[in-house]
Amino acid sequence: MSLSTLDLPDPHDGALRRLSDLLVRRARLLTLLLLVPPLLWLGLVYLGSLFVFLGQSIFSIDEFSGTIVREPTTATLLELFRPANFDIVQRTVAIAAVVTLLCAIIAFPIAYYAARYAGPRVKAGFYLAVMMPLWSSYLVKIYGWKLLLAKEGAIGWFAGRLGLGGALEAWLALPLVGGPSLSVSYTGMVLTFTYLWLPFMILPVQAALERVPAHLIEAAGDLGAAPGLVFRTVILPLAMPGVVAGAIFTFSLTLGDYIVPQIIGTSALVLGQAVYMQQGTAGNVPLAAAFSLVPILVMALFLTLAKRTGAFDAL
Amino acid sequence: MRDPAQDFAQDFAQRHSSLTTLPDRLAMHAPAPPPVTPAVRFAGVVRHFGTVRAVDGVDLAIAPGEFFAMLGPSGSGKTTCLRLIAGFEQPDAGHIAIFGESVEGLPPYRRAVNTVFQDYALFPHLCVGDNVAYGLRVRGVGRAERDTLAREALAMVKLAGMEARRPAQLSGGQRQRVALARALVVRPKVLLLDEPLGALDLKLREEMQSELKSLQRALGLTFVFVTHDQGEALSMADRVAVFNEGRIVQVGPPEQVYERPATRFVAQFVGSANVLGAAQALALGGAERPSSLRPEKIALLAPNATPPMGAAVVEGIVEDVSYQGPVRRVAVRTSGGPSLVATVPASASGVAIGDAVRLAIPRAALQPMESEG
Amino acid sequence: MHSRYLHLPALVACASLTLQPALAAEMTAIGPGEGQVDIVAWPGYIERGETDKAYDWVTDFEKKTGCKVNVKTAGTSDEMVALMNEGGFDLVTASGDASLRLIAGKKVAPINTKLIPSWETVDDRLQNAPWHTVNGVNYGVPYQWGSNVLMYNTEAFKGAAPKSWNVVFEEQTLPDGKSNKGRVQAFDGPIYIADAALYLMAHKPELGIKDPYELTEEQYKAALDLLRGQRKIVQRYWHDAMIQVDDFTNEGVVASSSWPFQVNLLVSQKKPIASTIPAEGATGWADSTMMHVDAKNPNCAYMWMEHSLSPKVQGDLAAWFGSVPSVPAACKGNDLLGADGCKTNGAEEFEKIKFWRTPVAKCATQAAGCVPYYRWVSDYIAVLGGR
C-alpha cells in the first residue's frame, strides 16, 4: 500500500470531541469557563471578606461598653493620627523601607551574577540556595536569628573574636538603631526581616535581568558607555520592574508581619501587632480595620510613585 | 528642498575633520593616518569557542571608505569577525588594527567603531530620540546639542519627527533606521552592520539596500557588512569576503567573486553554479581543472538551431523545470555526463520534464578553480 | 501548654455589662452518664498523657464514668467566649474576664454545689470568689490559680531575694555592682498597668489606690508615668514565655515579672534562677470550670467537675502547669508536685495576690469612676512605643 492510497479511518467522534469542537469555535466560552472559579474565589471570598473587614473602620467602639457602634464616623480613622498610633505607622513604614532598600542592595549583585554569568549547573545550585531558606519553618528561622543576635550569641562572639567588639558596642550605643543587644534593637529586626524576605527580592530581580537582551548591553558599550554607565543607563532601568516587584514583596511582607517584632526588636509595636492587639485582645475591630487600611494605602502610594519614576517603562 | 543625507554628510565631514565640536575621547588617540593605512586589518586572527575554531587564521585589510561585505553561511565565522572588530570578542591569536592602531585589549567603549545589530538592540525604555542620542549622552554632550544632532540623524534616515516614539511603536524598517542613526550620530570611523536587513521583507530590504549604499557613499565612511545573502553582498559591496569554516576562501570585487569563484564552495554558495570535475571540464573544451559553470551561461538550443561559435553542445533529458519569475530553472541529465542546471528566459516555453534537449555551453563560461575545496 | 499565658491580658472591655443571674434552673440530681463530655480548655489544662505519660488525669475518669472526654483548646478568652456562644460544648475552663462575660451573656448555668461532693474541699477563699459568683449564685467550680512572680538571677542578686518590685521599675545598681538598665523585662500586655498600680499602692499611698484594677484618672496617670520611666531600663517587653526563658539564658536579663512556669523550667535547667513575691504583693489569675446552659451532657459534666477537684488531678495539674490547686489538700503527698510544689508556685501568697479583673468605668472603690480597659490598651501601646 502506498502513501497515496492509504485510507485512514476518521477519529472516533465522542462527546468530549464534540465539546472540544464547541470550545474551539467559541473561544470566549472557554475563557469564561476558565476564569469563573478563580474570579469567584478572588472576588467574593477573598476581596469580599477583606472589604467587609475594612468597612468596619468607619464604625467606632463605644468607650464604655466596648461594643461596636454601627454608625458611620471618621473618628476611628482619625484615631490613627493620635501620636502613639501615628508612631506605629511611621515606625512600620520606616522599617519596611529600610528592609526593602537593604534587600535590593544585597539581592542585585547576587541576581546579576546568577542571570548573566552562572552556567546551568551553578544556576541550579543558585536556585536551590535561594529557595532553601523558604522551605524551613519561618518561626525556626526567627528563633535562629534571635540566638545569632543575642548578647551572648554568635554575632557578638564573632565580633569579639575579630576584634570588632568595640565597633558592635559603638553601634549599639547609637540612639535609634542601638539597644541593649542586637536582638532587642531595630538593627536586629531589620537584619532578620532582610534575611527572611531576601529570596522574594532575588528571584524577580534575577528574572528581570535575564530578560535584558545581551545585545542591549553590548550596544550600550558599543556606543561608548563604560560598564558603570551601562549599568546605570541600561541594566538598572530595565531591571527596575523586577526590583519594584521584589520591593512589593519585601515592603508589604514587612508591613504586615507581626511575628518577628514579637521576638526580635525593641518591643515598640508595628502595624501587624497593633492590628492583632486591637482586634484580638482589645476587641476594637474598627481600629484594627483602620490600621489594616494603612498598608494598603502605603502600597498604593508606593506603586504610584514607582510608576511616576518610570519603573514600569520597560514593561 | 535639500537632502537631509547630504546635509548630514557635509556636517559629518566637517565635524570629523575638526574633532573639536565633539568631545570624543576615542578620537584623541587617532592622529591623521597615512592614506594607505587600512581601516581594519586582521593578521592571523584566531578565535576559539571551546574546541570550535570559529575564526581560524584570518588575514584581511579593509580600505578606508570601502563598503566591505562578509558573506558566508551561518557558523562560517563572519559574525565573530565583526564582533572582534567591535571588541565584543578578543582574539586568541593574531592582531587587529583599526586605522593602524592596535586594538588589542581595548573594550568596545574605547573603539571608534559602531555596530548596527541584527535585532537592532534599541533600548526599550528610551524614546527614539534618546536612543539616537545615547552615544552622545555617554560622551557628556549637553542635552540641547545632542537633541539637535539626534534630530539631524533621524532626518537623515527619513524618520524626522519620530523622536518621541517608543521603539515598540515602530515598524521593523523604522527600527532599523533608528539603529542606523544611533550608530552614525557618534561619527564612527568604521560602521559595522550585522545582517541589518535580515528581518525585513523583500521590498523594504531592496529599498534599504540602495539607501545604505547611497548613505555610505555620501558619508565616505567604511562599512563592514555581514550577510548570508549573496545577492545583498554582491549588489552593495565594493569588495566581498566569502567565509567558510572560519576562514576567508575568497576576497574580491563582486564581479570577480561571482564570475571567477576560487573554489567549489564559492561557486556553489555564490549564485549556485554548476561544478564540473577536471575531466568533465576538459570534455567540454575547458582546461583540465575543476571548473564552475554559471547556469545562465548555458543556452537551450532550439531543435534545428546551430550552436554559437566556441560552444560545446551536449544532449540530455529534462529532469525538472521550475518557474522563477524572470527565468526558468531547467535541470538536465546529460547523456554520459553530469547533471547540469541552466536558467533560461521565462518566455522560452515548451520545455517539459522528459524532453530531450540540447545545451550549448560556451567554452569561456568554464571557469577553472584553484581546487575542488 | 503555656501558650494560654500569652493571652492572659485578653480582657475585652466590658465596662457596662450588667451582671444578671441567668434564669436557667440548677440541676437537682445527676443521672446516668451520656457517654461523653465536650470541654473548651486552655492548652495543657486537660492532659491525657499524650505529652508526658506521667501527666494523665483523663484516662481514669473515662474508665470510671464511661464519659469520653473531648477537648477543644482555645488560645484566648475571646475564642473561649466565641466557642461557648456557638454552643455544642458542655464545659469551659474560663478565666476572670471570660467568666463574667459568659455569666452576663447567659451562656453558663448556675452550679448546684450540693451535687459536687468535693466542693467542701475547695479553698474557702475561692468558693465564692467574685469572678464566678454573681449575687450569691455560683456559676463555676474553681479549677486552678496562679501568681505572677518576680523572677531573678541569683548571681546578680548575690543570693538575696529582692524585697521590692523597684528592681524592675526604677534604675538602680544591683548587688552585683552593675546597673539594672537594659537587664530587666516587663510584660507586654496592657494588664501590666495594674502591676505598676500595685507598686504605687505601697510606695505612694497619697494617691489613694485601693485596687490596682480600679484607677482614677490621677492614679492612672501616675501608673503610666512610672511605666514610662521603666521603658528606659527595660531590655524588652516579654510576650512569649519561651522567649523570656531564652532572654534569661542568652541576653543577660536578670529580673522580670514572670510566671512560675518559666521559673520551674529555668531551675530544672540548673540555671541560677529563683523567684519571689516582693513586699508589695503581686498580680495573679484564677480559672473556673463552667457549664453551658444548653449542655447536652450535663451528667458527665457534673461528674467531670467532681473529678476536677480530686487532689490527684489538682496536684498533677499544678505540677504540670506551674499553678496552685484550688483544693489545699492536693498540696500534700503528690509525687509530681513534690513537697514544696505549692509553695514554689505561690500557694502561701494568696493574700498578697490581686487577681485580675477587667477594669471598668463604674468601679466599687472609687466614687469618681475609673479608667476603663479600652484606654489601658491604647495607652500601654504608647508606652511600648516610648511615648
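Residue numbers in this text run from 1 along the chain shown.
Glycine is no exception: its Cβ is also placed from the backbone N, Cα and C atoms.
Here is what TrEMBL says about this protein:
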type: TRANSMEM; residues: A:27-54; note: transmembrane segment
type: DOMAIN; residues: A:89-306; note: domain 'ABC transmembrane type-1'
type: TRANSMEM; residues: A:93-114; note: transmembrane segment
type: TRANSMEM; residues: A:126-148; note: transmembrane segment
type: TRANSMEM; residues: A:154-174; note: transmembrane segment
type: TRANSMEM; residues: A:186-209; note: transmembrane segment
type: TRANSMEM; residues: A:229-251; note: transmembrane segment
type: TRANSMEM; residues: A:258-276; note: transmembrane segment
type: TRANSMEM; residues: A:288-306; note: transmembrane segment
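Under the criterion of 3 or more C-beta pairs below 8 Å, with sequence separation of 6 or more, the transmembrane segment (A:258-276) and the transmembrane segment (A:27-54) do not qualify as touching, having fewer than 3 such pairs.
The stretch from A:27-54, A:93-114, A:126-148, A:154-174, A:288-306 with the most CB pairs below 8 A to the transmembrane segment (A:229-251) is A:93-114. Recorded stretches compared: A:27-54, A:93-114, A:126-148, A:186-209; the one with the most Cβ pairs under 8 Å to the transmembrane segment (A:288-306) is A:27-54. Ranked by number of Cβ pairs under 8 Å to the transmembrane segment (A:93-114), the listed stretches A:27-54, A:126-148, A:186-209 are led by A:186-209.
For the transmembrane segment (A:126-148), the list of distant contacts is 110, 114, 118, 154-155, 183, 188, 191-192, 195-196, 198-199, 202-203, 259-260, 263-264: same-chain residues at least six beyond its ends, Cβ to Cβ under 8 Å.
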